[in-house]
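Chemist: So that we are looking at the same thing, I have put the structure below in structure tokens.
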Amino acid sequence: MSTSQVVADLNLAGAGLGSSLNVGGAAGKKVPQLEVPENDGRPAWNSKLQYILAQVGFSVGLGNVWRFPYLCQKNGGGAYLVPYFILLLIIGIPLFFLELAVGQKIRRGSIGVWNYVCPRLGGIGMSSLMVCGFVGLYYNVIIGWSIFYFFQSFQYPLPWSECPIRKNGTLAIVEPECDKSSATTYFWYRQTLNTTSTIAESGGLNVKMTLSLFVAWIIVCLAVIKGIASSGKVMYFSSLFPYVVLFCFLVRGLMLKGSVDGIAHMFTPKLEKMLEPQVWREAATQVFFALGLGFGGVIAFSSYNKIDNNCHFDAVLVSFINFFTSILATLVVFAVLGFKANIMNEKCVVENAEKILGYLNSNVLSHDLIPPHVNFSHLSTSDYAEMYGVIKTVKEGSFSQLGLDPCVLEDELNKAVQGTGLAFIAFTEAMTHFPASPFWSVMFFFMLINLGLGSMIGTMTGITTPVLDTYKVQKELFTVCCCIVAFLCGLLFVQRSGNYFVTMFDDYSAGLPLTVVVILENVSVAWIYGTKRFMQDLEDMLGFRPYMIYFYLWKYVSPLCLIVLISATVIEMAISPPGYNAWVQELAQERFQSYPPWALAMCFALIVVAMLPLPVVFIARHFNLMSDGSNKLSVSYRKTMMKDMSNLEEQDEARSILGAKPGEVPSSVPARKAYLTPGGNKPLDPNSLSPNSCYGTSYQNAAISPTTPTTPTTPVTPESDS
């Protein structure tokens, strides 16, 4: 049987590598082809464990320790876990899975991924990079604070355990600012930050914090300078060590008096809270940020995976590890805070008992008011409560003048603290009462450093990976330059007023921009690219079709929830006066202050600058003012498509030969595979893909079929998207 020879040369350009695929041969002969090498030059994880630890280290951060416990206490205790878990299932895991899948499939950073999914929405990746930059600037300042406390912990007693004594001639008095607040509060605001009373007062650089920030950036730079080759090894320690510390603190905390009171208070459900919309909004926000969605770090890490890695398993595993880490941290925090509450409550009882004794000795109160079984030398909280109730009932008219406190344990437990207030004030105060307190302090702040480092590695990878994918610059040089520039910009946060700028960036640089970024990611995949196409991609990549529930979650549920979240965030920003809690030295307490006009302009500038790439890139590509980046398609992605096309052409040629009638010459035009079409039933014509059409650039170079016979020396040039 005779056949005609079909020859097609595909010239592929991009990623600094050119290759050609020759398809042809006579009947009965194996089709010769030149394949792209298995190692396309892109770094890869040494093991699956290393990758999982990197994703866990990025998603599990400081927020799990000092944000989640606060939200749990504020929003109904154990009842808060119900909306959080529901939203984790319908928003967190699906969107986390989506980011893992697109990164692994296209093997690019955030800029490259969204350029290929939809060039007009390529600004998504740039906005992610901007947000990573803003967050990295102030996040590393927090690591710097932890480094300072870490080194201060190597002394006994701990420097924040007692108020300093000021000598005034022959008199020695307690520092008034410390006496009005507490030793840990004074150490934080005065000896650590040396903070000013307003954001407008710069106060100059804080030398101690500047040095701490410098050390923090050196650590981060060394961790990421070699890419995943260096950061992957760091993750073995930085991701696992916090769990060792948390379990140690949990065991130690459960042995302390009052720890059970704290845990019981924490998980006592207030079911009525579940009906409040604010609880669901805060739960959605926490789910959103806990997994690191929109930052680009998730996509960057997954882009170094093998194409057939089971990213669905990874998404579920990392999400649940994150959830259970939050619960573990909450147990630890409230076991320790329960112990602290008992200490403070006993202190309150002693102080007020001394007041009552004074009133008894001065005949302001009658001895008949004291129950006969009360022993002032061993006064229990229940005895004090009984005595307090009797005195309040008898002296109803003049009771307020006595200045007695009720000393209720519940009131101490209800004092909600979060963020720096929890880590650097409440928790440090509790640790001063631990036996061997310096050891526990060293462990705690070393844990915070590692938690922050894991998140910073992911944040920096979200910056470096898309840039290195797009522009071929030297990795080490670019990383060092990024760290130097970041340190210089970070000097804003180590002024004496720097703490207020940390609050500003935390409130405005990430919240709304990241929510917009993620909803655009969701819409671009589910509605523009097509959920059916994406499901087919996943089936080809994973070897199985994901559960159908993901189709409806990506297409309807997640976008709707994100729209509601954005609306609630905008309303919250509109009705809440923008401001910050300033430390007033004269009063030795925090007081809310509104931002001055220039600071208010800075707040909104952070939001605008972070989201500016979205409309700019859309307009520029709509009017063909900038390239869509199609010439930068990853080599490994092309290789997969090339293999599929080669196999199809071999099958089609064999089919045409076997089914041909005697004397009939088979067609030289191979059939096209219906790449990425809903259900695979409608072929995607490459000629219909315009340069700026969404999802065109991903597959246009790959889905090329020759329409006329060519000679072996004539290449078929793929259409250009640029």
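Using N, Cα and C of the backbone, Cβ positions are placed for all residues, glycine too.
Quick paste of what TrEMBL says about this protein:
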BINDING   Gly57, Val60, Asn64, Asn322, Leu451, Ser455  Na(+) binding site
COMPBIAS  687-705  compositional bias 'Polar residues'
COMPBIAS  706-722  compositional bias 'Low complexity'
REGION    659-722  region 'Disordered'
TRANSMEM  81-102  transmembrane segment
TRANSMEM  129-151  transmembrane segment
TRANSMEM  211-229  transmembrane segment
TRANSMEM  236-255  transmembrane segment
TRANSMEM  283-304  transmembrane segment
TRANSMEM  316-337  transmembrane segment
TRANSMEM  439-465  transmembrane segment
TRANSMEM  477-496  transmembrane segment
TRANSMEM  508-529  transmembrane segment
TRANSMEM  550-575  transmembrane segment
TRANSMEM  595-620  transmembrane segment
Chemist: Using Cβ atoms only, which residues of the same chain lie under 8 Å from Gly57 (Na(+) binding site) while being at least 6 residues apart in sequence?
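Modeler: Spatial neighbours, sequence-distant, of Gly57 (Na(+) binding site): Met235, Ser238, Ser239, Leu453, Gly454, Ser455, Ile457, Gly458.
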Chemist: With an 8 Å cut-off on Cβ distance to the Gly57, Val60, Asn64, Asn322, Leu451, Ser455 Cβ center, who else from the chain surrounds the Na(+) site?
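Modeler: Checked against the 8 Å cutoff, the neighbours are Val56, Phe58, Ser59, Gly61, Leu62, Gly63, Ser239, Pro242, Thr325, Gly454.
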Chemist: Can you tell me which of 439-465, 550-575, 595-620 gets the most C-beta pairs within less than 8 Å of the transmembrane segment (211-229)?
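Modeler: The stretch with the most contacts is 439-465.
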Chemist: Counting Cβ pairs under 8 Å to the transmembrane segment (508-529), which of 236-255, 283-304, 477-496 comes out on top?
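Modeler: Counting Cβ pairs under 8 Å, the winner is 283-304.
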Chemist: Does Asn322 (Na(+) binding site) have same-chain partners at least 6 apart in sequence with Cβ under 8 Å from its own Cβ, and which are they?
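Modeler: Expected: Val56, Ser59, Val60, Asn64, Ala290, Leu291.
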Chemist: Counting Cβ pairs under 8 Å that sit 6 or more residues apart, are there three or more between the transmembrane segment (550-575) and the transmembrane segment (81-102)?
Modeler: yes
Chemist: Between the transmembrane segment (81-102) and the transmembrane segment (595-620), are there three or more CB pairs that fall under 8 A, provided the residues in each pair are separated by 6 or more in sequence?
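Modeler: No, the transmembrane segment (595-620) and the transmembrane segment (81-102) are not in contact.
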Chemist: Counting only CB pairs under 8 A, let me know which of 81-102, 129-151, 439-465 has the most with the transmembrane segment (283-304).
Modeler: 81-102
Chemist: Ranked by the number of other Cβ atoms within 10 Å of their own Cβ, which of the binding-site residues Val60, Leu451 ranks first?
Modeler: Leu451
Chemist: Tell me the Cβ neighbour count for Ser455 (Na(+) binding site), meaning other Cβ atoms within 10 Å of its Cβ, over all protein chains shown.
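Modeler: Taking all protein chains shown, Ser455 (Na(+) binding site) has 28 Cβ neighbours within 10 Å.
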Chemist: Is it possible to get the count of other C-beta atoms within 10 angstroms of the C-beta of Asn64 (Na(+) binding site)?
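Modeler: A 10 Å sphere around the Cβ of Asn64 (Na(+) binding site) contains 24 other Cβ atoms.
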Chemist: What else in the chain is close to the transmembrane segment (236-255), if you only count residues 6 or more beyond its ends and a Cβ gap under 8 Å?
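Modeler: Residues 50, 53-54, 56-57, 60, 223, 325, 328-329, 331-332, 335-336, 339, 434, 440, 443-444, 446-447, 450-451, 453-454, 457.
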